[in-house]
Amino acid sequence: MLLTYEAMAEAAKFATVWVPFCRKHGIEPRGPESYFELKSHPYMGRSQEDFVNDRRRVRRDYDEFKARINGLENDIRQRSDAYNAARGLKDGEPRATWMADGTQWEGTWVEPSENHRKGDHAGIVLVLLNHPSHSRQLGPPASADNPLDLSMVDVRLPMLVYVSREKRPGHNHQKKAGAMNALTRCSAVLSNSPFILNLDCDHYINNSQALRAGICFMLGRDSDTVAFVQFPQRFEGVDPTDLYANHNRIFFDGTLRALDGMQGPIYVGTGCLFRRITLYGFDPPRINVGGPCFPSLGGMFAKTKYEKPGLELTTKAAVAKGKHGFLPMPKKSYGKSDAFADTIPMASHPSPFAAAAAVVAEEATIAEAVAVCAAAYEKKTGWGSDIGWVYGTVTEDVVTGYRMHIKGWRSRYCSIYPHAFIGTAPINLTERLFQVLRWSTGSLEIFFSRNNPLFGSTFLHPLQRVAYINITTYPFTAIFLIFYTTVPALSFVTGHFIVQRPTTMFYVYLAIVLGTLLILAVLEVKWAGVTVFEWFRNGQFWMTASCSAYLAAVCQVLVKVVFRRDISFKLTSKQPAGDEKKDPYADLYVVRWTWLMVTPIIIILVNIIGSAVAFAKVLDGEWTHWLKVAGGVFFNFWVLFHLYPFAKGILGRHGKTPVVVLVWWAFTFVITAVLYINIPHIHGPGGKHGGAIGKHGAAHHGKKFDGYYLWP
């Protein structure tokens, strides 16, 4: 949209002030909104007075920048109306959207029309900032027009390009994966940097040193087999109690860090630095492999040995041709663009002077960049299967990283700067459940595809294979958990219990399981560096997700596999629906009903009713062995305690007061118990102590309560 382009243009203009200011005074974090929200501003520059004056000026420019951004939509509409009125358009004629320079916008118009609507528009590539020069460029001294003294500051800015790929009806544009592949080709034609940083649109760079740390993993010793570097994810705007475990610290600081000790962490879709050639289908260099054994990266270079006493060095010398020239697979697999194909060997062995030679992007280069973003460019190519981000699943990130790992590539986890990139998380229950539904469905899609880790190549580390199997099958836990959370509670109603007179071996087995779980919990807390509260909150949301999103994902994928029906998803909304100015967490209490909430609600009711019935039977004297019932009742309340955040979420604004939830549960419990005791037909025709189930009825019918309960 034109709104996005003009917002980027305003950002590029403000960057000419903000970036030199940050370099001059060592500003961190680099996000202006985050920086100006800090209560204290640590100073790392030369002159305190100079810093105060510069900061005051930059803050004023930033406020003006935000005001211009907020008014862009209205400005675009007024400008377009003025241009259309000047052209004397009649009723019914298409009303174009106009850019500030007086040219028609080629993308989606404010009033959509043919070839200018969502899903039907031309490709657009517009350069906002050109390549920086290869030498340092100092800024101007302070003046009346520019009060900032930048005479000793490098004012170069990186290249900034607006890209909108072509979209046409009837074409499968492959959502995010297709957009990433189009950007990969476009950036290759324009800059061809050897490294690619992938960030979601709701993430921003919070630390300027993060990229340097990531590249060190790529250029260090024995690092030529590192395909990508994954950074931790951190989120802002999450409520202080993290009700729905948005931070997910156990996964990011525990699981991914543990995988770093094997073949490396999985790719999680954002905050990831790639080696460009890994996206083109190259194999990693093999140990002790020399000569032109292409398509492996090691085979691209002839080997020259330098022998010294006790030392043998193998270095990269001249580029060698393989079966497909300098490409790892046939040229047609990369599309019809010769210009793009020519960039691939240069990306594998980049020259520091190649990018510096093209300081200004020429029209022919721009036209080629538009061509590689065409809707039909990937037809009959390897994009989406053997090249680039992989298609066929909503979790293209996991399967793309997996395809690199099975080739023998490694990945690394960079936790040096844990808050390197900051994103936005959905704090509303409905949006959070839909987000988890999309992730879990994508994982199962991978399991039922040709990318099943059970059949991966031998280059995949054995424990890495186990990790990928776990990642692609974890939603199946919902099936077992549904029985685990409902059958024990229903046993109180039916009187038929799942465990009868446990043996000594049963208790030994139970003690081993509980001990193992306790050890894992301690290790997770220790390795991830989280508090016990954070760890337990993670477990609470796992229970909620398993009973809702995981179960729905299993059903959807089974329908897809059996009936060959595609699965559609809506994107996760992270825009607050409440009054954010009065309450930054207002969206937490907005209730949006969804069918995903049905199963957890049923589980809550079943456990409340089951406990109430057991309580009523003990009071009524029907069950005299109340100590044996206590374990089962405790387990029921343990399930309810895990679903406590979900209960708060469905209560909406009433969930602000935790007591309300407890009162609600207690009220239901008491009412059910009273009804059970006082409604005659529940006890049969004999009344309270008559019929088949009276105070002594069970004994009269040859039945005796000997049930034991299984609880963790």
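The first residue you see is number 1, and the count goes up from there.
Just so you know, glycine gets a Cβ as well, placed from its N, Cα and C.
Over in TrEMBL, the protein carries these features:
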| type | residues | note |
| --- | --- | --- |
| BINDING | Lys175 | UDP-alpha-D-glucose binding site |
| BINDING | Lys176, Asp200 | Mn(2+) binding site |
| COILED | 55-82 | coiled coil |
| TRANSMEM | 474-499 | transmembrane segment |
| TRANSMEM | 506-529 | transmembrane segment |
| TRANSMEM | 541-563 | transmembrane segment |
| TRANSMEM | 590-614 | transmembrane segment |
| TRANSMEM | 626-647 | transmembrane segment |
| TRANSMEM | 659-679 | transmembrane segment |
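For Lys176 (Mn(2+) binding site), the count of additional Cβ atoms within 10 Å of its Cβ stands at 16 [all protein chains shown]. Rounded to the nearest whole angstrom, the C-alpha distance between Lys175 (UDP-alpha-D-glucose binding site) and Asp200 (Mn(2+) binding site) is 13. Same-chain residues at least 6 positions away in sequence with a Cβ under 8 Å from that of Asp200 (Mn(2+) binding site) are, in sequence order, Gly269, Thr270, Gly423. Here the transmembrane segment (626-647) lies next to the transmembrane segment (541-563) in space: the count of CB pairs under 8 Å, restricted to residues six or more apart, reaches at least 3.
Per-residue pLDDT, averaged across the coiled coil (55-82), gives 93.
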